[in-house]
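What follows is a set of notes on a single structure, which appears directly below.
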Amino acid sequence: MEYTFNKLTKKDVKKLKVGDIVYLNGKIYTARDEAHLKIIEMLKSNEKLPFDLNESIIYHAGPIMKKVNDSWVCVSIGPTTSARMNDVEEEFIKLTNISAIVGKGGMKKELLKTFEDYGVVYLAAPGGCAALLANSVKRVDNVYFLDELGMPEAVWELEVNNFGPLIVAMDSHGNSIYEEVNKKVYEKLNELIGL
């Protein structure tokens, strides 16, 4: 199935299955390694975040931005390898109540239980399409922690339109396209070498 969402709610997440195609409109936030750690640290210290991540979409990306007059313009925004956030993502999800993660390469299969328990979906963005994805960024609404973390690690609040195509690669029902592919590869390998 193919879906377009203006806001991806937990109810919407439950409808999505591995292999579905998704396009996003509305607000998304970038967050890589350092941003994840900063957000976790703040929330565990009972500090209020300067943005609301409840039922939001996090994009594992370190964009290239350009300042034009008083506004930021997105030049490039390709996905970061999500496995870099494997060790902190469970705690991040529990603390923030996000709805979706957009990234590249998937995440460890142990997170499928967390996705199921908290109603989260992992959407795979196509690698090598950073300039194309930047065309879907209609506006940069804000940037957080820029001075502290630097451009790629800062949290960028973006308004996107027709952002995609994204593939549901890990759903909230315990399914992973990566696990399915691995299983098929090993079955074929066993056929070929006669195990």
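Glycine is no exception: its Cβ is also placed from the backbone N, Cα and C atoms.
What Swiss-Prot records for His36 is active site, and it gives sequence analysis as the kind of evidence. Take the CB of His36 (active site) and look out to 10 A: across all protein chains shown you find 22 other CB atoms.
According to Swiss-Prot, the feature substrate binding site maps to Lys104, an assignment based on sequence analysis. In sequence order, His60, Gly78, Pro79, Thr80, Thr81, Ser82, Ala124, Ala125, Gly127 constitute the residues six or more apart from Lys104 (substrate binding site) in its chain with CB-CB distances below 8 Å. The secondary structure of Lys104 (substrate binding site), as reduced to three states from DSSP, is extended strand.
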